[in-house]
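As given in TrEMBL:
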BINDING   2-9, 70-74, 124-127  GTP binding site
DOMAIN    1-274  domain 'Tr-type G'
Amino acid sequence: MAHIDAGKTTTSERILFYTGKTHKIGEVHEGGATMDWMVQEQERGITITSAATTAFWKYKEDTYQINIIDTPGHVDFTVEVERSLRVLDGAVATFCAVGGVEPQSETVWRQADKYKVPRIGYVNKMDRTGADFSEVCFQIKERLGANPVPIVLPIGAEDKFRGVIDLVYNRAYIYFDDKTVRDNYTIEEIPADLKAEASAARAAMIEEVAASDDALLEKFFDDPDSITPEEIIAALRVATINMSVIPMLCGSSFKNKGVQLLLDSVIAYLPSPLDVEAIEGFNPKTDAEVSRKPSEADPFCALAFKIATDPFVGRLGFIRVYSGKLDAGSYCYNSRSDKKERISRIYQMHANKQNPIEFVGAGDIAAIVGFKDVRTGDTLCDEAHPIVLESMTFPEPVIGLAVEPKTQKDLDKLGIGLGKLAEEDPTFTVKTDEHSGQTIISGMGELHLEIIVDRLKREFGVEINQGAPQVNYKEALTKTVEHHETFKKQTGGRGKYADIIFELGPCESKEATGLEFVDVVKGGNIPKEFIPAVEKGFKNAMVNGALAGYQIDAMKVTLKDGKYHNVDSDALSFEICARNGFRKAALKAAPVIMEPIMNVEVVTPEESMGDVIGDLTKRRGQISGMDSKGNARVVKAKVPLSEMFGYVTVLRTITSGRATSSMEFAHFDRVPEAVGKEIIEKSSGRLKSIDED
Ligand SMILES: Nc1nc2c(ncn2[C@@H]2O[C@H](COP(=O)(O)OP(=O)(O)OP(=O)(O)O)[C@@H](O)[C@H]2O)c(=O)[nH]1
């Protein structure tokens, strides 16, 4: 996991080669990386979808299996990082030796914190001008609040980077730059000019790991030299797994230096599935808490973390198995749908290739085929021992785009394509605008939607006409009001009649989502069978707020009283009455428009800082912090997304191309009144048509 371009894929390619998984190293910039198998990834040199593979590595006397997921760095594809960290037991946090801790490094670090994933740090690109291992370690401490402990030291830097000193074993790995050789290093004595530095760094490392191990600490004070490498490794492993220490390594993956030692460290310090505590969940039938040990003897349970479509084998469900075992050709139980699923085949994945296996067991990651209804976040288990595991949370799409097929005959194909893509990606949604009838696709950013449009063309053969990207605003109610609504229609025969009195307003809890519906109607004033229709009416109506037609995320309705007519009242009358009532009451409930606010970070040379800040302020930005990083200055700001379209081009102009920026979604906030008015004016036609409808 890492910021964009830190070198995750380049490092993964070395891992595949050194572990014998591939015969040749594929390079990202030549479009040859195995793990970046999508055409869009190869063309752009970026990772979009996380690719999984399994490799084997010999460490000391044993051979270990490592399941690897290479994740994207771009914030638009954050869903891939989120779901990967949910199921992985450990992470290699990769940093660029020049860029250090970048905005997306912080994001993925927080995601790993959220799922309590132990990690080791790998400072890549030591060959680049300005590379500085200790500066990056310092930034990890300062900016991420972690406890990085170097377990290697670089030998040389920039174009003189030759290898690393292994502080645990007190020896030097000198690499020769040959990418066709797996053992492209010799183990030598520590170079004389680095001996003092290495000895100090080693002492610091031992002191750090001994801090959490009393016996070792005693030995450290008595005779530090008597501490064996094995003792250091054992203590470091404990400290890494309990996340009190981040062992830090460095290398240059592109120049084929340092990766073998990184693999050794993955085995030595990151947890195996057996080191992870039993996983907790609850029984969907009884709501009782239950747990499963990472053992094949426990009942089967697995989490589906990704659904993907393969042109040859069809729908693939990626699962992480926590306990038990599942055979190909057998059944498992989906605790969300309460249905049994037949799993016809199971595959071990290698990027976009599949290797059929007969079963999958505790600790493993594999892909299943044959299921009817499995979605991201579902728990699959043994029907006799049902369990629901904690799912994952995904951010909401903030940017929308109207799309239509270039030729009308492609309409069905578009529907199928969008459906499949939305199934794969929980941060991508499709809806039809009630007013214009247009199909609106929404995602995490412009790049995300660009890739979706490209995939529609290549994978589903649909050429698209698209509108300009637009912000997904929301609406919120800020006051609770009472309203009385009557719906009456006298047609030829039987009429329609419904009458309701309700309170409408915001939910009490800030975390609430959806409709909170309370029914306090007394004495059957509204017959029980019509109450669900009232609820349905409100639920459907809140998709289009009363101000400008944007969705209301959460609201509370208390149905207090009403009337009905023996002949004319029916469920539909009550549903329409609720919808109409919502429109009028929502306007009284002090509605406001909410807009997505982004965390923006700009790294700029000092002399352009004034211009950068001035420009951000013009965009209604609020500067939230300033920092320096090497010679550059870092400006942090919170800026409405609507003001950030085309920012990259403007930034390039005002800084002569010397600044970089990144942004990610922060939260929704109320728009200022003047801006709100404009949004409402623009959407008046749209609302009118919803009302007429
Ligand atoms: N100089 C130098 N360049 C490197 C090194 N490692 C990777 N690169 C280059 O940096 C660029 C980005 O590398 P990737 O491996 O695609 O980085 P990534 O972190 O996988 O990128 P995303 O997945 O798109 O976030 C490529 O052009 C690599 O060739 C290194 O050690 N030294």
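Every residue, even glycine, has its Cβ placed from backbone N, Cα and C.
Keep in mind it's a predicted model, so treat the numbers as computed, not measured.
Taking every protein chain shown into account, LYS8, HIS74 are the binding-site residues, and of these the Cβ with the most other Cβ atoms within 10 Å belongs to LYS8.
Here the binding-site residues are ALA2, MET126; the one with the fewest Cβ atoms within 10 Å of its Cβ is ALA2. Every protein chain shown contributes to the tally, and the Cβ of THR71 (GTP binding site) ends up with 26 other Cβ atoms within 10 Å. The secondary structure of ALA2 (GTP binding site), as reduced to three states from DSSP, is extended strand. Cβ environment of ASP5 (GTP binding site): ILE46, GLY73, CYS96 lie under 8 Å away, each six or more residues apart in the same chain. Regional average pLDDT for the domain 'Tr-type G' (1-274) in the model is 90.
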